[in-house]
Amino acid sequence: MTSSIAILAVLFLFFGVHNSKGEEASDLILFDYHRSKNLTVPSTSRSQSVQVKDKMECFGKCIGVGWCQSGNFKTTPEHNGLHVCQLLPSDRFTKSNTLKDNPVCENFNVKTPCHRKNKPCLNEGRCVFKNSTHQCQCENGYRGKQCQKVPPNSCKALLQANSSLPSGLYSISPDGTNVIKVYCDMVTDGGGWTLVYSYTFTNYGSFKATRNAVTPQPNWPSKGNVPVSTTPPLSETDYAALDFALWKKIGVQEVIIKSNINHWIQCNEGTGSLVNWRTGSFTCKVIKAVASDCIDTVPSQLAIANYGPYFKKSSGSLTTYYLFEVFTTKNWPTHDPCGGNQDRHVKGVANPHGNIYIR
């Protein structure tokens, strides 16, 4: 029957060690001990076998090796009267290891801060004991000595902290409490853009038909009849929308709209604000020409209707450039590079879609 006994290595090992940060730690060395058990580790793992007089010497060998976290002690001696002591770089808490029954072996692992009931690493951080001290390997974007610091609120903040980050998935905390995974464009127009909305169309082939709309829709104030999403899109073709209430916590100054059927535009807020749901002016520029027409034409206004927000060339009628129409019974989702509310979008695209990024 397996027993787990906390054994004090009575070697008078009252160690004073210094970690990489120069902090001092002094602790009696304790072990968890398992009779009739042998820990197997992957063949690629580092290990060392030595011969010792007894288990206490085996404990001492492990303590004297910086990378040793556990060991197997063979209870039956060899022909020379010594016992095999196998030193291992990890313990039974490592997923790739297996603790197996073995009547002639006893397994032990060093009791480190990683084995405390109150774990030293927060927020699912992984505790690693190495060179007589422990470190926390943080997950999901958390930072700090104990993984206690939440990630930044946006892709822009991530890029400001590390200018070499590539585009991809990152963890952020827009509200400073909850952590979410988002896609960051770290290249376009200076980078630091957080993807908040990826959409396609309900009837791209009949673009001007009232049954055509963008889908899904964010949970913004305009309510249509296409599905609503509050899940962050993880790519430009993962059709979803981040909870609209979080948009303003990520960025309130700049917007990028991408599409493979209309020009990409980057817009700075003036009196208008998409994230604050306010009509008014924007200053926009084309950052990538997709259609063949009107490369120099850009919208200058944001308007809001009950069927969705839209960017338009001027305050006059029939000047729509991008319309995020969310009804399949009313209008149609204009993507007109000339800002004339016409169907001058690129046609015949196999996977038509669009995206909204904010910064």
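Cβ atoms here come from the backbone N, Cα and C positions, even for glycine.
Residues annotated as disulfide bond in TrEMBL: Cys138-Cys147. Within its own chain, Cys147 (disulfide bond) has Cys121, Leu122, Asn123, Glu124, Gly125, Cys136, Cys138, Glu139 as residues 6 or more apart in sequence whose C-beta sits under 8 angstroms from its own.
Summarising the annotation, TrEMBL assigns domain 'EGF-like' to 110-148. Looking at the domain 'EGF-like' (110-148) alone, the prediction's average pLDDT is 80.
Per TrEMBL, the feature domain 'Fibrinogen C-terminal' maps to 146-196.
TrEMBL lists 1-22 with the feature signal peptide.
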Other CB atoms, at most 10 A from the CB of Cys138 (disulfide bond): 22
Conformational class of Cys138 (disulfide bond) under the three-state DSSP mapping: coil
DSSP-derived helix, strand and coil totals, residue by residue, for the domain 'Fibrinogen C-terminal' (146-196): 10 helix, 16 strand, 25 coil
